[in-house]
Amino acid sequence: MTSVVVIGTQWGDEGKGKITDFLSQDAEVIARYQGGDNAGHTIVIDGKKFKLHLIPSGVFFPEKISVIGNGVVVNPKSLVKELEYLHTEGVSTENLRISDRAHVILPYHIKLDQLQEAAKGDNKIGTTNKGIGPAYMDKAARVGIRIADLLDKEIFASRLKTNLAEKNRLFSKMYESEELSFDEIFEEYYAYGQQIKQYVTDTSVILNDALDAGKRVLFEGAQGVMLDIDQGTYPFVTSSNPVAGGVTIGSGIGPSKINKVVGVCKAYTSRVGDGPFPTELFDEVGERIREVGHEYGTTTGRPRRVGWFDSVVMRHSRRVSGITNLSLNCIDVLSGLDTVKICVAYDLDGERIDYYPASLEQLKRCKPIYEELPGWEEDITGCRSLDELPENARNYVRRIGELVGIRISTFSVGPGREQTNILESVWSNI
């Protein structure tokens, strides 16, 4: 039994897709366990970029099984579009498996998401308007439609009719918006269900059988710990649990079957949308990092907010997810800066604190306490070991490991597979 979980430790966009793709080379099964097509990951293979939102990174390895677990909310329209995109690019999807227990995102979820966000005005959360939150709301309210229901024509029609009647009352009475058509949704989405039917199964059985057989299973998280609905910057969070504990609920395996947790982070910090961000930069340094790092959302295309590396955030992520290994990405983006900074603690009303407050009001008053280190001018994109890094870059990497309290197992100096460097194999000693 060998399993590794890959999670984002910041606010998403840390490069999980690339690290998952890299670790997938030694895995036999790769699974997603939460989120939906609000996630976006970019994989570079032989210099070519592939952008995925739902399908796990492991799909590029035809000999491995890729799983969309029960904790994922699936937009069938987006899924079919992504499958067609992969087929057009010559990528086989015969190795894909989709949980019959996963919940379905329907047009009324997307419309409700958009209307609710617009109604919030200045208090908007910064949702991607993909219907993720409303789909999870229906799941919690026990009125959601699952993949298994989508494949059964009579059950899908019955549940869709009931749900749509309720949602249309909401649209017309509360939001004074146009109602949606039952016939249009039913015909379109039942057809999508038939197109994905070949991939649908009980994925919990597949995952547990693989683990019991001693196979290497890799779990791929979406978003990041700071967007977790329980442990993140609530309410500026997603509607699921990206933390490592979400694996057990979202994939159908027991907690005793998780061996290692790899936390992925950037050498700086970024986030999309609204919410607290203590180390955010508003100056020319921030603009430089954004442009050099191509910090624009994979899903939304929105410019990401950027800031210095925050070890307070990282220690919080380590604690709530039990992170055993750290993967540090995008070190190359900081090349050329005279000085680099790491937030080591916060100043809250004159008191030094080293934890991340739950209160948004307290977070607004938190001022980052920085440790400054000398930067480096060298181009490090060709470095293939820690020793090859310039001394200042090497010291920066080591200091991050010390402050976070996690050993760094991989570091990357660019988007390519060959630019990801192993210091310690996470598959060893399990």
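Positions of Cβ are set from backbone N, Cα and C atoms, glycine also.
The annotation in Swiss-Prot ties Asp13, Glu14, Gly15, Lys16, Asn38, Ala39, Gly40, His41, Arg142, Gln223, Thr238, Arg302 to IMP, and of the candidates under consideration, Thr127, Thr128, Thr162, the one tied to the same site is Thr128. Comparing the recorded positions Lys18, His41, Arg302, Arg304 by how many other C-beta atoms lie within 10 angstroms of each C-beta, the top residue is His41. Annotation: Gly12 are the binding-site residues among Gly12, Ile331, Val413 whose CA atoms are within 10 angstroms of the CA of Gly40 (IMP binding site).
You'll find the Cα of Thr42 (GTP binding site) roughly 16 Å from the Cα of Pro303 (substrate binding site). Cα spacing between Lys18 (GTP binding site) and His41 (active site, proton donor): 8 Å, rounded to the nearest whole number.
DSSP assigns Gln223 (IMP binding site) to coil, not to a helix or a strand.
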